[in-house]
Amino acid sequence: MIHAGNAITVQMLADGIAEFRFDLQGESVNKFNRATIEDFKAAIAAVKANNDIKGLVVTSGKSTFIVGADITEFGQNFAQGEKAIVDWLMPVHEIFNSFEDLDLPKVAAINGIALGGGFEMCLVCDYRVMSEAAQVGLPEIKLGIYPGFGGSVRLSRLIGIDNAVEWMAMATPKKPAAALKDGAVDAVVAADKLLDAATDLVKQAISGRLNWKAKRQEKLEAVKLNPLEQMMAFNTAKGAVLAKANPAQYPAPKLLLDSLQAGASLARDEALKAEAEGFAKAAVTPQAEALIGLFINDQVVKKASKQHEKGAHPVNQAAVLGAGIMGGGIAYQAASKGTPIIMKDIGNPQLALGMKEANNLLTKQVERKKMKPAQMGETLARIRPTLSYEEFKEVDIVIEAVTENPKVKEIVLAETEKNVRENTIIASNTSTISITRLAKALQRPENFVGMHFFNPVHMMPLVEVIRGEKTSEEAIATTVVLAQKMGKTPIVVNDCPGFLVNRVLFPYFGAFDLLVKDGADFQQIDNVMSKFGWPMGPAYLIDVVGIDTGVHGAEVMAEGFPDRMKPDYKGAIEAMYEAKRLGQKNDVGFYKYELDKKGKKAKTVDPTAYEVIAPFVTGEKREFDNQEIIDRMMLALCNETARCLEDNIVATASEADMAMIMGIGFPPFRGGPCRYIDQTGVAEYVALCDKYAHLGKAYEAPQMLRDMAANNKKFYG
């Protein structure tokens, strides 16, 4: 054994070829944490000291290659400021450079995922061979940063500026065919041929059949474009990238382009310094903190879901009650992920609607070449429409998705319970009605759980799994595991009106109503909140949700939280409802909707909307300060999020933030309501609440936040 470290071993194979093997002990994956980087340095020294080694094959002892840097170490490194980040990176560059500069050929045998720092490791090798099962890429932009271990410098020299920008800015892992086509890897082979293929390349390089020194030299020099070609390449790249990523919201792509441009005319070592300086600028942004936090929060949510796996019972057959758009969407989602599902309704027209919805969604998959026609047929065969309960004795879980009316739901749930086995779980897809309340209609409330899908089901990743007062842990566990099997991200919450997401969303709509009442133009509110980062403003959002749905939901919320969700005035949303303006459902709401050239509903300004709300505006019509609009909208939403934590509706800030991002489109680069409070500063946030407390209870800082401010605490760190 030439080197035996905690993360890397080096041992001789044959013919002067050694295996440089990454296998981080005590971990399921390889990653570049501090320990691995130190061991990397030691392993390089061991190779340098051994005169028998003529070439290296770089391998992994895990099912993945190297998944990247250790993101949990970023917070500590990034908190030190730009200079300290550069001072941290440059010694890492020296280690990677010393490996690249070894006077012998090196081939990476990429057996699985090689992302971020993992692929940057591959780039310091002279050749790269990829298994058919592997994926490679530099997705750091998703974290609000960009490649920091030399990836931007080496990839741009290897595959050209245009391709490199696309790889890094789009942040999409590349499959073997795409990586080979772009020239990022040199060969793709079957998994069982990987080591042989990599070893053969090393042999060819040692024998002189491959000019590995010339291939390496390309990465050590400036980009092979003259100044005019460089300017054209970067102008094209900037146009494409900045059209998709607003630098005010996502600064990393622009910083990446600036760094690439600064380093394009420089040799490797100077270009790496430019990369490090740009990386440091990105790393200290609040967006990087939020997006890295989001990645870590996603791991927290996945870990919480995994803990339910042991307590779940298998779901071999599911059923959905109600064959509307929602029921059809649920049936499609279950069937497309392999779970057979019975779809029941009270009439053939309703069943036809549900099957049409599933059929339309599957047809789109086929048209986009994401599914073969035969697979579509197999998926449709997993959905069995029925008018009776005859087959319900074989069902493991029933998802009720009938109209959002407590009396209707109670009747349907009680009837269903009589037609299923004693251990069958019944889940309600209610969006606001208390699970504990609905459970009173049942004989076996322990088998009853909330399973709240968001609309449209096939697109929205979140499922709220709601624990009622008497819901068993088995019911929770089974529902969580089914949601995961359906390709969704489940978050378990405790019962209350609106659960988590809608409980937080309705004060946001309430803040909108109050702003309009006070004289704000709803279009200004929409524009301000869109620029803030929401996918759409609140007026447009309520039009999309359905104004009737919003009004009915608001009634449930007002009953549950009268102190802050029951206004003593009639708002603009209710005015629209009374005027039978329901939003996109009937093409008139706050906006008017007409089909565009693509057949999608496009919004236009409708003067009638202003006439409808005019009688309910009591304030002087004026242009509000943008920051006041942001503060009033965000305080109402963030306060209710904090109250949900205070009331133990949701277990952690991580889950609360993820739910808001996945459920209502909270701007990801702001990290969620809890991260937003942290970044505002908890004491400063509480002071803002005090400033607007005269507007009502929704604006009063929850005691939890006052305590945190007094003790200098944050949600994160």
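Note: Cβ is positioned from N, Cα and C throughout, glycine not excepted.
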Same NAD(+) site per Swiss-Prot - residue from Asp298, Asp345 joining Met326, Val402, Thr403, Glu404, Lys409, Ser431, Asn455: Asp345
Whole-number mean of pLDDT values that fall within the region 'Enoyl-CoA hydratase/isomerase' (1-190): 97
Collapsed DSSP category at Ser431 (NAD(+) binding site): coil
Other CB atoms within 10 A, centred on Val402 (NAD(+) binding site): 22
Pairwise C-alpha maximum, in angstrom, for the residues (Met326, Asp345, Val402, Thr403, Glu404, Lys409, Ser431, Asn455) that bind NAD(+) according to the record: 20
Rounded Cα separation (Å) that holds between Thr403 (NAD(+) binding site) and Asp298 (substrate binding site): 32
